[in-house]
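Just below is one structure, and these are the notes that go with it.
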Amino acid sequence: MAMIDEPLYPIAVLIDELKNEDIQLRLNSIRKLSTIARALGEERTRKELIPFLSENNDDDDEVLLAMAEELGVFIPYVGGVEHANVLLPPLETLCIVEETCVRDKAVESLCRIGAQMREQDLVEFFIPLLKRLAAGEWFTARVSSCGLFHIAYPSAPEALKTELRTLYGQLCQDDMPMVRRSAATNLGKFAATVEAPHLKVDIMSMFDDLTHDDQDSVRLLAVEGCAALGKLLEPQDCIAHILPVIVNFSQDKSWRVRYMVANQLYELCEAVGPEPTRSDLVPAYVRLLRDNEAEVRIAAAGKVTKFCRILNSELAIQNILPCVKELSTDSSQHVRSALASVIMGMAPILGKDATIEQLLPIFLSLLKDEFPDVRLNIISKLDQVNQVIGIDLLSQSLLPAIVELAEDRHWRVRLAIIEYIPLLASQLGVGFFDDKLGALCMQWLKDKVYSIRDAAANNVKRLAEEFGPDWAMQHIVPQVLDMINNPHYLYRMTILHAVSLLAPVMGKDITCSKLLPVVINASKDRVPNIKFNVAKVLQSLIPIVDQSVVEKTIRPCLVELSEDPDVDVRYFATQTRQSSDQQMMMSS
């Protein structure tokens, strides 16, 4: 043991652990492959470590996944790009295993290595590997091969390029649906490397095969190919080849394919351009908005604003708005929620008159929806409507709905409204707030649910920050301080919490003259919970007020509390005294 060179001893252990029966030890060793390689040196890594890994047919997927990941960044440890080809054999083995995530990681690592390899090495080593995988007997090899074509193709000589295109065409017609799925997924990446003449002929022929596949799982992946290919083709070819496919897919018998079209529609519109969108895709989109599957309607409803941006307001009002009205009363709450999250964005597109006449009634019906998420999605985007129709109209129509939500029986709805109040306040301005929402904010401080009271205290602080201390002194502080005499001790505790939050915003003068006397007074409360909360609040006030105030007012109060009969009150009072003493010592 002593004979082994000291720095290499841990390496020997790591190499032994690669063969250990304990999976955790093997995993640990695989994750330290770079350390092993650095210790062995580039030549021994190439001649000993990599062949060992190629033969290492570990049966645990976790270990194989870690190995696939490590090998992707291994080029520096084998002597640089000129020796990158030695990393291909172990990764080729990993491309054939049954576990999908291991194969995917191996393909990702091969792509990373292939992107750095020299052109002659790609032709000599990478393309033969790709051909072996593509002709593999086991379907997993063929699945993996689809993800490598876009790396190999640009460097291949002309004859090999033809062979690679033919190979990919065969994979698109493979007997196994899993292989065809992989071919459909990677078609866009491969197409981006193919020359324009072959793109129109070979790639479009493969695309055509995939769009007519009898498996819906293959067809839905071909939908993504529509957008990718549309960006590569000339506009006229796009209209000739891609547009009919999108229109057919929007009427596909499988709802999953229609869902995919609805989800990708905006990208598909970008691919074909604005004119064909208006003439051919509007009817297709209307069909999707009225689809009999809720999932398809959800995806389509979520894209309504993006789609309307491509159209002019006239077309949107004529074709899309009737569907939006139907969706606002859809039987599925998730459809209504998806619509509510984007419908506000339609206001700038439609303009003031159409928003007031057509959209406002839909907003209000969604604001009164029985499902909380629908209501919240509307409230969170109100500023978009405010910009279009102006504050007066918005407040007239909106306020009753907000008041209703503020008193909702579901406490989560009340909580969400509170969180939006500062946003509403900043959007709607101080005048509107004073008249309409001020009373609500005070009401929440006396809510039965603690989370609401806590949020209301934070809300008071955020409003003071928004409108400034002078406004807060007039409209918030007096009402908050009045509540300290509430008979219920939990409400008194909320007010103490609100005071501790308001103090930093209000500044030392108002804290000393208005807030501190209320806290000191509360130290004589009969409920111990109030008294030890007073001690906590005083701790937060000490940094704000002058040292003389601490000496004259705060310290005597803490001394009194530290002699209280209740053990918790004594504890918190003592804690605060000690921390104030430390602060004094540090400042002096």
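The backbone N, Cα and C atoms fix where each Cβ goes, glycine too.
The repeat 'HEAT' annotation in TrEMBL covers 10-48 (among others).
What TrEMBL records for 203-241 (among others) is repeat 'HEAT'. Summarised by DSSP class, the composition of the repeat 'HEAT' (203-241) is 33 helix, 0 strand, 6 coil.
Taken through DSSP, the repeat 'HEAT' (242-280) splits into 33 helix, 0 strand, 6 coil. Here TrEMBL flags 242-280 (among others) as repeat 'HEAT'.
Taken as a whole, the repeat 'HEAT' (281-319) shows an average pLDDT of 84 in this prediction. Annotated repeat 'HEAT' per TrEMBL: 281-319 (among others), in sequence order.
Per TrEMBL, the feature repeat 'HEAT' maps to 320-358 (among others). Remote same-chain partners of the repeat 'HEAT' (320-358), defined as residues 6 or more beyond its termini with a Cβ less than 8 Å from a stretch Cβ, comprise 282, 285-286, 289-290, 294, 297-299, 301-309, 311, 313, 365-366, 369-371, 373-375, 377-378, 381-382, 384-385, 387-389, 393.
The repeat 'HEAT' annotation in TrEMBL covers 359-397 (among others).
Summarising the annotation, TrEMBL assigns repeat 'HEAT' to 398-436 (among others).
Sequence annotations record features per position, and here TrEMBL assigns repeat 'HEAT' to 476-514 (among others).
Annotation source TrEMBL lists repeat 'HEAT' at 515-553 (among others). The list of residues near the repeat 'HEAT' (515-553) in space but at least 6 beyond its ends in sequence, with Cβ under 8 angstroms from a Cβ of it, reads 477, 481, 484, 489, 492-493, 495-497, 499-500, 502-504, 506-508, 560-561, 564, 566, 568-569, 571-573, 575-576, 579-580, 583-584, 587.
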Sort the residues of the repeat 'HEAT' (515-553) into helix, strand and coil with DSSP and give the three counts.
29 helix, 0 strand, 10 coil
Using a Cβ cut-off of under 8 Å, list the residues of the same chain at least 6 residues beyond the repeat 'HEAT' (203-241) that approach it.
165, 168-169, 172-173, 177, 180-181, 183-185, 187-192, 194, 248-249, 252-254, 256-257, 259-261, 264, 267-268, 270-273, 276
Is it possible to list how many residues within the repeat 'HEAT' (320-358) are helical, extended or coil according to DSSP?
33 helix, 0 strand, 6 coil
